[in-house]
Amino acid sequence: MPIITLPDGSQRQFAHAVSVMDVAADIGPGLAKACIAGRVNGELVDACELIEADASLAIITAKDEEGLDILRHSCAHLLGHAIKQLWPQTKMAIGPVIDNGFYYDIDLDRTLTDEDLAALEERMLALAAKDYDVIKKKVSWQEARDVFEARGETYKVEILDQNIARDDQPGLYHHEEYIDMCRGPHVPNMRHCHHFKLQKMSGAYWRGDSNNKMLQRIYGTAWADKKQLKSYLQRLEEAAKRDHRKIGKQLDLYHMQEEAPGMVFWHNDGWTIFRELETFIRGKLKEYDYQEVKGPFMMDRVLWERSGHWEKYAQAMFTTQSENREYAIKPMNCPGHVQIFNQGLKSYRDLPLRMAEFGSCHRNEPSGSLHGLMRVRGFTQDDAHIFCTEEQIMEEVSACIRMVYDVYGTFGFENIVVKLSTRPEQRIGSDEAWDRAEAALAEALVLNGLKYDLQPGEGAFYGPKIEFTLHDCLDRAWQCGTVQLDFALPGRLGATYVGEDNERHVPVMIHRAILGSLERFIGILTEEYAGLFPTWLAPTQAVVMNITDNQADYAVKVAKALNDAGLRAKADLRNEKIGFKIREHTLKRVPFMLVCGDKEVEAGKIAVRTRKGADLGTYPVEELIALLTQEVQTRGQKKVEE
């Protein structure tokens, strides 16, 4: 007679074993209809799972995040069902859930087209409309292997042979005549899978290994209802308009080319944004009392072996040889900063020592993962390392947190998710040291009034960390900032200081990044602002335009006055209609368009328009310079009204 305890603490007693679905039906028909799966004693299970003893149970529906993942996974099976009906010769590989959707890798003797994708989606809709039951059967390893071998599913057989223990009982999910294999759970009926969209196709090597066969990957998205699907597709459409690669080309910010994959060719306007970001962060470094240093971008393999990076990052490092020595181009800055710390005897009085660098790093990322500015091989980190005592951790981490929010707030990012990752099973250092370190990070977060998600076991082996994830205007997540404690690297590289007891001690090292990589952050900003960079970041802040040749000299004079005041301005003297000029510079996202006709020349003024189409009237030139300068210097805190 199992007693089922529900999330609200209420209990229900049954005279015999019951399934998750039985319990949902006992609560009410509405919940039974919505039930996708259950969480029994903390473990996700199918709705058909029998509960034979007392247990806690949460009914999972599509409104739950877990329910949405289950729904998406079942849509991957639905895709497999449709593929096998249209092209029975297809061999199915894997079909996992990803952010906002799913994909399936398939081996087919023809290349799929956009028309095929449309046909697949149509067949999926027709199958889902049948609202058929999904039947789960747990079978022996051998029985599962026999099923897929008989169907010619060589990839499923390989998964069984290489990834599933012989004493395991794989779950086979029956979608009418189609069978797929999965640990589950999956939806009990396809009525839950009506709101999906196939999106695109790409190539993917089997098991991600370029030595294996190239498969075809089909991507899709799935949601709980029509409204959610429509909203997501609208966000995708908006994201496409904001694509930094597209805007970067329109605004002539940068380019990339095949001869230097993953490396950025910055053009003048893009480099202007880059340097403004550097200047901004450099000002914050001074405000928060950092030293700025510069380390070499290439060091001997011996140093990377001592730091431990050679063992863990060798495949991602670019190397070269000279005079029988092997060198590696740095993938990160920390070992170099320890070398700078090691120059000269350090006392406890010298701590905390805060060391920052705009470090040029390189990582040999797989070519298939490269994506504009978001994923590159050559990048610049706004990296810092703080050497301190254990007693100083909380105060230093708290200052890092304040700096992170100070910087993000300037760019208008307010939705920031904070995660605290604690000790993993495999780690160095004593439990007491980890206790103190984790407590210091948690205390610093609380001190700054921040809520955080705890991620047990997700810290690095050398220390706990805090992660800061930005959510942009399209609610996409970008993990940028980190504050990471390191008990290992200083000791490995011989960093010590003399304590009050006149003994040598190894300092604690705090790795701190805010923007992460400047290249990636510029990509994020480009999409967040849709290219409408705030005035202080805009490559060209104002364009002065004459109406006729009579005002050309005056336009040049005004542009010079703006530039002399430290603003970035140009004069557009082309013999074009003023409306044409305004439209062109609006498309270039120039914040202010300054127009001068005979009236403005005579009055010593300038007519001001914004890129958003607002007519701000006429201003004396000196007054406008003062207003624009104030907006730039305050980084948008005091705006010229748009």
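Note that Cβ sites are derived from N, Cα and C of the backbone, with glycine treated the same way.
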Further binder of Zn(2+) named by Swiss-Prot next to Cys334, His511, taken from the candidates His255, His267, His385, His585: His385
Secondary structure tally of the domain 'TGS' (1-61) (DSSP, helix then strand then coil): 14 helix, 24 strand, 23 coil
Listed binding-site residues (Cys334, His385, His511), ranked by Cβ neighbours within 10 Å, top entry: His385
Residues within 8 Å of the Cys334, His385, His511 Cβ centre (excluding the Zn(2+) site residues themselves): Met332, Asn333, His337, Asp383, Ala384, Gln484, Asp486, Leu489, Met509, Ile510, Arg512
DSSP-derived class (H/G/I helix, E/B strand, else coil) of Cys334 (Zn(2+) binding site): helix
